[in-house]
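If you look up Swiss-Prot, you'll see D127 marked as active site, proton acceptor, on the strength of sequence analysis. Annotated ATP binding site per Swiss-Prot: G11, R72, S73, G102, D103, G104, S105, in sequence order, evidence recorded as sequence analysis. Per Swiss-Prot, ADP binding site is recorded for R21, A22, A23, V24, R25, R154, G185, A186, E187, R211, K213, K214, H215. Residues annotated as Mg(2+) binding site in Swiss-Prot: D103. Under the heading substrate binding site, Swiss-Prot lists T125, I126, D127, R162, M169, G170, R171, E222, R243, H249, I250, Q251, R252.
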Amino acid sequence: MRKLAVLTSGGDSPGMNAAVRAAVRRAHFHEVQMFGVYHGYEGLMRGDIKEMSLGSVGDIIQRGGTILYSARSEAFKTEAGQQRAVEQLRAHEIEGLIVIGGDGSFRGAQKLTEKGFPTIGVPGTIDNDIPCTDFTIGFDTALNTVVEAIDKIRDTATSHERTYIIEVMGRDAGDLALWAGLAAGAESIMIPEASQDMDDIIERLHAGQRRGKKHSIIIVAEGVGSAASYAEAITKETGWETRVTVLGHIQRGGSPTAMDRMLASRMGAAAVDLLLEGKQDRMVGVQNNQIVDVDFQEALAKKHQLDLSIYQLARTLSI
C-alpha cells in the first residue's frame, strides 16, 4: 500500500488529534502517503480529502477535538452512499482507511470492507463502551474533567449543606459515572448496569445524615434517566434541598491527558502497521496494557462489560 487515509467520525473525544498525528507520522515513516478525510463519512462521500504532510499534524497532540472535524451522516447509511464513499477513495488511489470513532463509526467501516475496501478501526469515545478493549481514546480525559467538576461542586454542596445530583455522559454505559464516582468519593452512583432503587438511595442518605454528614453527591449516568427526576423524588421523600448539575458537552472537550495521548499514539501507529501488513476489517484495542487487534465482527457482536467489582468497591467506600 502506498496511499492511506484517516477520518474521525461520530462524537469527538480528546486524543483523536493525537491518533491522527500518530497515523500520519507512522505512514510517513514507512514512506506511505497519508490523506485526511474531513467531516467524517459525510465528507468522504463528497470527496473532502486532502493529503497530510508531517507539518500538517504539528502541534496537535495537545489539542482536544479533531482537526479533521466530525459529522453524522444519514446518507452514508444507504447503499448508494457507501458506494459513493468507495468511489471517492479509489478516485484518490487510496488503498486503506483508518476510522477513529465509536461503534457506529465501526459499523460504517465494516460496510466499506464488505465492498472490498480495507479498513481498520481505532476506538475513540469518552463513553468507554467498545468491547474488546480495556480503554477507548478520550475516556481518561473525560474522567478527569468529571472528577474535577465533582470536586468543585462538592465545595459548594458542603458550604450550603445540600445534596447534589450530577448527570454525566456515557449513553448506555456506566463507566464514566462509575469511575468518576469512585474517584470523587460520591455517596451514591447510579448506572445502567446495576439496579439501585430510590428507597436504597434515600436510606444511604439517611444513614450518612445520622453519622453527621450534611451534604451528599450522587452521580447519575445519562443511561438511567434524568437527574432532575431523581432530585425531585429525593426532595419529596426527605424534604432536603437538592440541586442538579448536568455536565453536558464539557466532558468531550479539553486537552487530552498524558494517558490519552499515549494510548492514541500507540493505537494510531498500530492501525497503519496493520494495513501495511495486509490486515483489514479489524479494530485496534488495548488489553492489559498491550496493543491488540480484533475482528470487527467479534467486537460489534459483543456487549461491553463494565467491571462490577468497581461498583461494589464504591458502595463499600461510600458508607
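Heads up, the Cβ atoms here are built off N, Cα and C, so glycines get one too.
Swiss-Prot feature annotations superimposed on the structure.
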| residue | record | DSSP class |
| --- | --- | --- |
| R21 | ADP binding site | helix |
| R72 | ATP binding site | coil |
| D103 | ATP binding site | helix |
| T125 | substrate binding site | coil |
| R171 | substrate binding site | coil |
| E187 | ADP binding site | coil |
| H215 | ADP binding site | coil |
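Under DSSP, R243 (substrate binding site) is assigned to a strand (E or B) in the three-state scheme.
Listed binding-site residues: G11, G102, G185. The one with the lowest count of other Cβ atoms within 10 Å of its Cβ is G185.
Of all the binding-site residues in the record (R21, E187, R243, I250, R252), the one with the smallest CA separation from S105 (ATP binding site) is R252. G11 (ATP binding site) has R171 as its nearest neighbour among the binding-site residues R25, R171, H215, going by CA to CA distance.
Counting other C-beta atoms within 10 Å of each candidate's C-beta, the binding-site residues S73, S105, T125 are led by T125. The ATP site is defined by G11, R72, S73, G102, D103, G104, S105, and by the 8 Å test on Cβ atoms against their centroid, the other residues of the chain that qualify are S9, G10, G40, G101, G108. A count of other CB atoms within 10 A of each Cβ picks out R21 as the most crowded of the binding-site residues R21, R72, R171, K213, R243.
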